[in-house]
Amino acid sequence: MAIERTLSIIKPDATRRNLTGKINAKFEDAGLRIIAQKRIQLTKAQAGVFYAVHKERPFYDELCEFMASEPVVVQVLEGENAITKNREVMGATNPADAAEGTIRAEFAESVGENSVHGSDAPDTAKDEIGFFFSQLEIVG
Ligand code: CMP
């Protein structure tokens, strides 16, 4: 199996409720290693660039506003099939559809305020990691 890296974001609804440690424990329990991590405050414009793929969606403005509302924790997770594994640990985008034991089932407040983001494919993982981290900040 391939060792992959993926970009994870612990979103404002989760940092506000002091859930960073509980969410990190879910990643580590699933065998994912946190090989880079920092807490930052995004501007709405920066959130807009990160989520540019959703520009035409009706929730885009609300999403960017929310992502800039409080600090986020951005992370690089590494492990076997890390992209898929992280998406399994996160659960479905809408917490109402998320499987029991997943981060979103346990912690997410709504489809918009859903506690975590994770890259969806190798290409996007590479781009998203590069958006937040330099090579020097990633210690595998
Ligand atoms: P994420 O995995 O970060 O990718 C895009 C985000 O858009 C998604 O999680 C949700 O937080 C958000 N999103 C998706 N659908 C909706 C929706 N219907 N209303 C508000 N936000 C949404």
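Here the Cβ of each residue, glycine as well, is placed from N, Cα and C on the backbone.
Quick caveat, the model's predicted, so the values are computed rather than measured.
Annotated in TrEMBL:
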{"type": "DOMAIN", "residues": "3-140", "note": "domain 'Nucleoside diphosphate kinase-like'"}
{"type": "BINDING", "residues": "K11, F59, R87, T93, R104, N114", "note": "ATP binding site"}
{"type": "ACT_SITE", "residues": "H117", "note": "active site, pros-phosphohistidine intermediate"}
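Reduced to three states, the DSSP call for the residue listed as 'active site, pros-phosphohistidine intermediate' is strand. Listed in sequence order, L7, S8, I9, K11 are the same-chain residues six or more apart from H117 (active site, pros-phosphohistidine intermediate) with CB atoms under 8 A from its CB.
Site extent for ATP: among the recorded binding residues K11, F59, R87, T93, R104, N114, the largest C-alpha separation is 21 Å. Listed in sequence order, K11, D13, T93, N94, P95, R104, A108 are the same-chain residues six or more apart from N114 (ATP binding site) with CB atoms under 8 A from its CB.
Within the domain 'Nucleoside diphosphate kinase-like' (3-140), the DSSP-based counts of helix, strand and coil residues read 64 helix, 28 strand, 46 coil. A count of other CB atoms within 10 A of each Cβ picks out K11 as the most crowded of the binding-site residues K11, R87. When Cβ neighbours within 10 Å are tallied across all protein chains shown, the highest count among the binding-site residues F59, T93, R104 belongs to R104.
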